[in-house]
């Protein structure tokens, strides 16, 4: 069984293996396919039209399946690798070990945002940005520039306390747990972290930055925490809702799974705590 660990507790060898698996997926072109998929759904998901990966109830099950597919790709390179998660409510500093040269590298330089250290820096030659929104072919970050503070644990707890999963109009204007976690309403959790990291993370091609996977692994963990706190609160909508994915409706692009099939993460992996 795969165990997803807090990135702050990873050993040097676990970090090395995770980075090596990322670099191998990048080298073979498999990594960029995930970036392409994510960007296509960002562009296609709209408040008043069909929406699957974002701005909708299926934000959480869609990303759970997306991360599962990516984790399986990593494990096809190295079976020992699991997706770590980044608890940004606790690990809040630009000086965190997450941003060290032996792991993800740090923030970008002021001139153009280019990440200058670590295995994903352009100077290392192993991480060209091929699926992009502009002409820049290097990984960019601007930690803490777009918004100064990451969400706090108190803000996380305020969202976890919400007892209703989602509600009409089932988009970025909805009340409920999903939309507050996604960050369109209230204290702004998920979206704020993308903006805090900056660079490609603040765009539809956000998976270009490997921290995307650690961020979304934590979002997934928060969904699991919410489920434990509210065992009688179901995924909504249950059925008959236009433009969004109901409980037993198949999700694109896979068309072989439903939100109902993804409610129990323990069939696939557990978390360290």
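Cβ from N, Cα, C; glycine included.
According to Swiss-Prot, the protein has these features:
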type	residues	note
BINDING	38, 54, 63	Cu cation A binding site
BINDING	190, 194, 216	Cu cation B binding site
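Positions of Swiss-Prot features highlighted on the structure.
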residue : record                   : DSSP class
38      : Cu cation A binding site : helix
54      : Cu cation A binding site : coil
63      : Cu cation A binding site : helix
190     : Cu cation B binding site : helix
216     : Cu cation B binding site : helix
Cα-Cα distance linking residue 54 (Cu cation A binding site) and residue 216 (Cu cation B binding site), given in Å to the nearest integer:
13
With every protein chain in view, what's the tally of Cβ atoms within 10 Å of the Cβ of residue 216 (Cu cation B binding site), excluding that atom itself?
25
Tertiary neighbours of residue 63 (Cu cation A binding site) (same chain, Cβ under 8 Å, six or more apart):
53, 216, 219, 220
Between residue 54 (Cu cation A binding site) and residue 194 (Cu cation B binding site), how many Å separate their Cα atoms?
14
Can you list, in sequence order, the residues of the same chain other than 38, 54, 63 whose CB lies within 8 Å of the CB centroid of the Cu cation A site?
41, 42, 45, 53, 59, 62, 66, 216
Cβ-based neighbourhood (8 Å from the centroid) of the Cu cation B site, residues 190, 194, 216 excluded:
183, 191, 193, 206, 212, 215, 219
How long is the line from the C-alpha of residue 38 (Cu cation A binding site) to the C-alpha of residue 194 (Cu cation B binding site), rounded to the nearest angstrom?
14
Please report the number of other Cβ atoms within 10 Å of the Cβ of residue 54 (Cu cation A binding site).
24
So what sits near residue 190 (Cu cation B binding site) in its own chain, CB-to-CB under 8 Å and at least six residues off in sequence?
181, 182, 183, 215, 219
Who sits close to residue 194 (Cu cation B binding site): which same-chain residues at least 6 apart have their Cβ under 8 Å from its Cβ?
201, 202, 206, 215
